[in-house]
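Undergrad: According to Swiss-Prot, the region 'Disordered' annotation covers 1-54, 74-150, 661-683. According to Swiss-Prot, the compositional bias 'Low complexity' annotation covers 1-19, 74-86, 672-683. The compositional bias 'Gly residues' feature in Swiss-Prot is assigned to 26-49, 661-671. For 99-117, the entry in Swiss-Prot reads compositional bias 'Polar residues'. Per Swiss-Prot, the feature repeat 'LRR 1' maps to 164-185. Summarising the annotation, Swiss-Prot assigns repeat 'LRR 2' to 187-208. Residues annotated as repeat 'LRR 5' in Swiss-Prot: 256-277. Among the features that Swiss-Prot reports, repeat 'LRR 6' is placed at 279-300. Summarising the annotation, Swiss-Prot assigns repeat 'LRR 10' to 371-392. The annotation repeat 'LRR 13' is assigned in Swiss-Prot to 443-464. If you look up Swiss-Prot, you'll see 466-487 marked as repeat 'LRR 14'. Per Swiss-Prot, the feature repeat 'LRR 16' maps to 512-533. The repeat 'LRR 17' annotation in Swiss-Prot covers 535-556. Here Swiss-Prot flags 558-579 as repeat 'LRR 18'. Taken from Swiss-Prot, the feature repeat 'LRR 19' applies to 581-603. Sequence annotations record features per position, and here Swiss-Prot assigns repeat 'LRR 20' to 605-626.
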Amino acid sequence: MNLCSSGATASTTSLSSTGQAERSGGVPGGGAEGGGGGGGSGNSGGGGKTSDVSAEASTLCFAGGSGTAGAITGTDELSNANSPANGAGGASGSTGSAQQPTGSNGHSHLHNENNANMPPETRPKMVTVKHPESNKPKPTTKKSKPIQADQDVIKALQRCRDEGIKRLDLSKSSITVIPSTVKECVHLTELYLYSNKIGQLPPEIGCLVSLRNLALNENSLTSLPESLQNCSQLKVLDLRHNKLAEIPSVIYRLRSLTTLYLRFNRITAVADDLRQLVNLTMLSLRENKIRELGSAIGALVNLTTLDVSHNHLEHLPEDIGNCVNLSALDLQHNELLDIPDSIGNLKSLVRLGMRYNRLSSVPATLKNCKSMDEFNVEGNGITQLPDGMLASLSGLTTITLSRNQFASYPTGGPAQFTNVYSINLEHNRIDKIPYGIFSRAKGLTKLNMKENMLTALPLDIGTWVNMVELNLATNALQKLPDDIMNLQNLEILILSNNMLKKIPNTIGNLRRLRILDLEENRIEVLPHEIGLLHELQRLILQTNQITMLPRSIGHLGNLTHLSVSENNLQFLPEEIGSLESLENLYINQNPGLEKLPFELALCQNLKYLNIDKCPLSTIPPEIQAGGPSLVLQWLKMHSPYRQIDCYYQYELQTVNQAPGAGGNGGGGAAAAGGSASRSSDRR
C-alpha cells in the first residue's frame, strides 16, 4: 500500500483568523532552528506572509490551543556559527480586530453572528473590554478552554495542504501524535516539531520528499520510521534531547545530510555505516554514553565541526587525521588516555577541546596546527609539553594548563608567549616563575598562578607593565617586591593565602586597582599609602593580624566591600564614616573590638554589617541582632552630633516662636543650612 496516496479528502475547515493574519502583513520567519510567523489579526498567532494560495514560499506557525499565540523560536546550544537564523513569531490583539472582527479562538465574525440564533442558555457570554488605545467598548467572547493540541494539528495540516505551505512550525505545542494526514503536506521543505511530547513519528513522514530541515529535538523519540529514507533531500536533522539508545539505522541512509545533531541521548555506540554520510559538515554526539569512535569517522572528510564531548571515550582512531577540514574538535570531558599523532594532519584546526580527560602528554605533531588561537588542557595529568610546541603555535592568544602536574614552566623560552594575553597555570606544582619568561609577552594582561608552590616572585616583575589581573593566591610568598609599583595598569591583585607579613609602601602607585585581596596572610600593619588607591572597590583583609586600620582608609571613596574580620582590631578609625559607597562591612571575630565609631552611621549605603563575636559592650545585644540598619540607627541616636543638631533645632523653635520673628521658611532654611554645614564639616 502506498502511504503517500491522497485517499479521501479531509475536511478543509481552516483557522480563518490565522489565514487572515497571513494575508494582512505577516512576516515570514526563517532559519533551520525555526521561528514563528509575523503578527496576525485577532488573538491568534500569525503565520508567515503569503499571497492568498499561491506557489510562493509560505509559512504556518502554530502555537497550540486558543488565545494569543506567542513567538516560537528554536535554539542551538552547540554551535551558533553553524545553525541557521531563528525566526520569530508574534501576535496582536486589537490590530487584527480592526481589520476583521474575530473571536478569541480563531473563528470568523460569521460564527459570532450565528450565536444570535442560539438559545440563551447555550449562547457564549459577552463581556466588554476597554482597550487603552480607544474609548469605544469592544465586545469579545469569554475565553473558552484551549482546544486539544492534537486536534489543532489536524487543522494546521489541512491548511498546510490546501495552501501549499512550505514551512510549518508546530513546536512547543504539547503535541503527542503526528496524524497520518501529514503525508498530504508534500510542499513542505521545513518542519519544526521541537519541544513537544512526541513518542514516535508516523510512517507517512516519509512522504515529505521535499523536506530539507527537520527539527525533532526535545521530544521522547526512541526510534525513527524506515520510511524517512525517502526524504532524500534532507540536509538538517536535529534529534537533540530525545531517548535514543542507538543511532537509528535509517539515518545512515540519509546521504544528503550536512548537519546532524544527536546531543543528549542515550547512544552507546556508533556503527560503521556512519561512513556513508560523506556530506556531513557538522556532527554533534555530545553528552551520550559512547565508549568508542570507530574508524568510520575518517570517511567524513567534509566535517568542519565534530563534537564528541561528555562521553566515555578512552581513545581516538588514527583515522581522525583524515578529517582535514576540521576547524573545531571538541573532546573535553571524556576519559581519553592519549591523542593520536595523526591529529597533526588537522592543519585547519582553530579550536581543540581537551579539557578534563586522563591525558599524561600530548603529541608533538600538534605543533602543525598553526591556526589554533587557544590551547586548553585543563584537568588532565600532564607533566610537560613537547619542546617548543607552544612556540610553534604562534597564533595562540590564550593558554590554559591549569589542574595538571606541571612542576615547571613549559620549555620553549619567552618566544612561546609572544602573542599571548592570558596564561592560566592554576593548581600545579610550579615553584618559580623563570626570570625573563615574559620578556616578549608585551600583550600579557592576565596571569593566574593560584595554588602552586611559589616562594618568591622574579626580579623582573616590574617589567610586566601591561598586566591587568594577577592572581598569586595560595602559594608560599613571604614578600612582595617594591617593583610591584610599576604595574600601573593592574586592576585586580589577589595575594590571599600566602605568608606575607607586610605590604610595601609602593602599593600606592597602583592607581587603577579595583580589587585587592590579602586574605589569610600574616599582615600586622597596612601602609598609609593604601589611601591612594582611589579606584579601589573591594578590600579583603580578613584572617590576618591587623591591629588598626590607617586613617587614610577614609580616602577610598569608591570602596563598596571591606572585610577586616578575624583580625586583632582594637577600634575602627573615625574616617570610616567617609566611605560613602560602602555597602558591605565585615568586622566580625575581632576579640578586642569593644565599640564602633559614631561616624559609621554616616555610611548611608551600608547594606550588610557583620559584627558577630565582637565584644561590643556599648551596643545592646538586641540592637546588634537587629541588623545593620538598627545598629546604624542606634549610633545615630546616641551620637554626640545628634545633641548638637537637637540644640540647633531647639534654637530654631525658640526663634520662630519669638514675637516679631520672621517667617518660618527663612529661619528654617538658615538653621537647616547651618546644621547641614556642620554635618558636612564632620564628614
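Any Cβ shown, glycine's included, is placed from N, Cα and C.
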Undergrad: Other than its close neighbours in sequence, what residues sit by the repeat 'LRR 2' (187-208), given a CB gap under 8 Å and a spacing of at least six beyond its ends?
TA: 3-4, 32-34, 72, 74, 160, 164-181, 214-231, 238
Undergrad: Hey, which bits of the same chain come close to the repeat 'LRR 18' (558-579), Cβ under 8 Å, at least six residues off its ends?
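TA: Same-chain contacts beyond the flanks: 519, 534-552, 585-593, 595-597, 599-603, 605, 610, 682-683.
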Undergrad: Which residues, given as numbers and ranges, are at least 6 beyond the ends of the repeat 'LRR 5' (256-277) yet have a Cβ under 8 Å from it?
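TA: Those are 32, 76-78, 82, 217, 232-247, 249, 283-297, 299-300, 307, in sequence order.
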Undergrad: So what's near the repeat 'LRR 20' (605-626) in sequence-distant terms, Cβ-Cβ under 8 Å and 6+ beyond its ends?
TA: 560, 565, 580-596, 632, 634
Undergrad: Which numbers of helix, strand and coil residues does DSSP report for the repeat 'LRR 1' (164-185)?
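TA: Counts, helix then strand then coil: 5 helix, 3 strand, 14 coil.
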